[in-house]
Amino acid sequence: MMGYANMDQTASGVHFRLRARAFVVAEPQGKRVVFVNLDACMASQLVTIKVLERLKARYGDLYTENNIAISGIHTHAGPGGYLQYVVYLVTSLGFVRQSFDALVDGIEQSIIQAHDNLRPGSIYVNKVQALISNPAAERSKYKYDVDKDMTLLKFVDDEWGPVGSFNWFATHGTSMSRTNSLVSGDNKGAAARFMEDWFDQSNGGSISTDISKINKIPRRISSIIPLLKTLSECAWSLLLDTGLPCDFNHSTCGGKNELCYGRGPGYPDEFESTRIIGERQFRKAVELFNAASEQLNGKIDYRHTFVDFSKLNVTIPKEGRGTNVVKTCPAAMGLHLLLGNAFWRLVRNLLKTPGKEQNDVNILNPFCLILPSVLPVQILRIGQLVILSVPGEFTTMAGRRLRDAVKNVLTSGDSKEFGGNVHVVIAGLTNTYSQYVTTFEEYQIQRYEGASTLYGPHTLSGYIQEFKKLAAALISGQSVESGPQPPDLLSKQISLLTPVVMDATPLGVNFGDVSLDVPKNSTFKRGDNVTVVFWSACPRNDLMTEGTFALVEILQGKDSWLPAYDDDDFCLRFIWSRPAKLSTRSHATIQWIIPQTAASGIYRIRHFGAAKSLLGSIKHFTGASSAFVVA
């Protein structure tokens with residue numbers, strides 16, 4: 001899985017499905033922009049390249065690198081192996097074509113659907129505003145050391161009324177831990193699902209988010225669960241060996257900080273932490289959605305360029321007066337987490353030792369790795385909303401400096417484009433990935449984020465410089481150079497992930513047969529965990545895209561079974577396992593935590609899968625549990 005760089009974190013099932021969600025905004029016979037919110041750890045340059053190739057084949061020059069932004073939500077519970085640079089492929093044992101294709105296909109289809117659904121309408125914006133190593137004078141400008149702003153767009157069809165929303169809120173989307181093995185959108189994906197469920201059940205109206213007031217419709221209802229817990233239940237970090245809270249700057253265990261782990265508000269249940277953090281974002285989003293009244297008016301426009309951050313000259317203010325010209329450096333980072341990996345040993349001969357330049361600016365990083373150097377920098381404008389597409393993870397203060405710098409360009413001088421009213425949001429992890437971006441001061445500390453800022457201490461200043469250029473061009477109407485193109489490395493990818501050889505069951509047992517059933521004539525109540533185990537096959541045989549591995553059905557009448565919940569629901573978990581790594585036999589465990597909103601009735605649990613024979617043929621199968629009652 002992608003995010004924690006944990007070799008042992010191998011996917012084994014589904015918590016809920018990953019999605020690509022897109023909006024297209026277009027002027028009649030004018031410009032248009034596309035924004036894709038991707039349930040993945042980050043965007044990939046290679047994925048972006050291939051999506052653009054497909055869209056060009058379908059639409060010509062209507063959608064290009066200039067007006068499309070693909071932004072990852074940063075779940076660490078999604079598949080790895082879809083980026084093109086070696087350092088991001090180590091823990092997935094190289095490139096995984098199946099995961100890559102699923103992402104490209106999903107993004108393309110989401111854009112096609114948005115394109116086909118274009119209709120006249122309006123967009124409303126709403127916003128709520130709620131670090132230690134940075135200068136005190138700068139920190140004092142802000143009420144909090146973390147960014148508590150949430151910005152939401154509400155899309156309203158001229159005929160149908162509200163049809164959707166997107167929002168931006170800066171939180172690390174990782175409530176699921178490094179030991180989780182179920183594919184999940186984590187708290188960001190959960191917030192999106194909760195919002196969609198609420199919208200479907202309220203028909204876009206402004207009904208309460210109190211779950212008890214939502215109709216108990218037995219279909220696709222995520223478990224938005226009881227009452228929201230108090231806001232004082234936040235995430236915290238503890239030292240695993242002592243149980244004491246971690247101090248941000250000094251906590252160690254035996255001289256190391258590896259045992260300092262974050263714990264969410266639902267600890268020790270990471271699924272509950274995901275729900276709580278997702279629900280908080282969902283509830284605030286609904287509040288903003290219902291109250292949105294500021295309509296976006298004005299141009300749709302965009303600017304995009306590629307910048308080589310490995311050798312960028314950056315002009316920065318000199319203390320006192322004047323300016324200095326400094327330079328970014330070729331990408332570098334530490335290797336200590338990557339040693340001993342078979343894939344890494346295969347590619348290590350491609351590496352080179354660092355030059356004096358890397359050692360001077362990135363003191364903790366001993367080798368120069370295969371990492372990106374050419375990065376996309378992009379601004380999208382929709383009326384008074386400006387989206388800054390950045391290909392990395394900005395710290396709070398780094399993001400504030402970038403937003404302030406761009407806003408100053410857009411609203412200063414003789415510019416009357418925005419009339420002083422502009423909403424600037426940062427879309428991180430967009431179009432490609434290049435790790436962290438810290439302030440100059442944070443970089444000097446060389447904690448995790450600083451040591452993961454690839455292009456040296458002036459990386460942020462480089463971003464600010466280039467985004468200010470784009471903002472100035474946006475205001476003046478001037479075009480910008482496209483810059484050096486990033487490489488397409490698809491043909492050079494290596495994979496050591498072994499294929500599925502075959503699946504098998506014991507003699508006299510069929511795929512889909514129940515191995516562990518519910519008790520006969522059993523009755524369950526809401527909140528109970530109903531578990532059924534089936535004889536199964538490797539899920540890689542068929543990802544069941546737009547389908548499901550698990551399904552809960554409710555009986556209607558005497559013999560009609562209707563779908564109620566599937567593996568895209570927060571309350572239903574699909575877990576695949578096998579007795580040994582090389583075994584051809586496997587089980588699917590399906591757990592249904594019955595939602596408080598579930599209707600009373602007779603239910604059953606079904607499993608869908610596909611088995612591979614020794615000759616390579618794929619055969620689909622299904623199985624069903626005994627019926628049981630929910631009362």
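Yeah, the Cβs are placed from backbone N, Cα and C, and that goes for glycine too.
Counting Cβ atoms from all protein chains shown, His74 (Zn(2+) binding site) has 24 others lying within 10 Å of its own Cβ. Look at TrEMBL and you will find His74, His172, Glu393, Tyr436 tagged as Zn(2+) binding site.
In the predicted structure, the domain 'Neutral/alkaline non-lysosomal ceramidase N-terminal' (1-337) carries a mean pLDDT of 85. For 1-337 (among others), the entry in TrEMBL reads domain 'Neutral/alkaline non-lysosomal ceramidase N-terminal'.
The domain 'Neutral/alkaline non-lysosomal ceramidase N-terminal' annotation in TrEMBL covers 341-465 (among others).
The domain 'Neutral/alkaline non-lysosomal ceramidase C-terminal' annotation in TrEMBL covers 467-630.
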Sequence-distant neighbours of Tyr436 (Zn(2+) binding site) in its chain (C-beta under 8 A, six or more apart): Gly392, Glu393, Phe394, Thr395, Tyr448, Glu449, Gly450, Ser452, Thr453, Leu454
Residues flanking the Zn(2+) site, with Cβ no more than 8 Å from the Cβ centroid of His74, His172, Glu393, Tyr436 and excluding those residues themselves: Gly392, Gly428, Leu429
Binding-site residues listed as His172, Glu393, least Cβ neighbours within 10 Å: His172
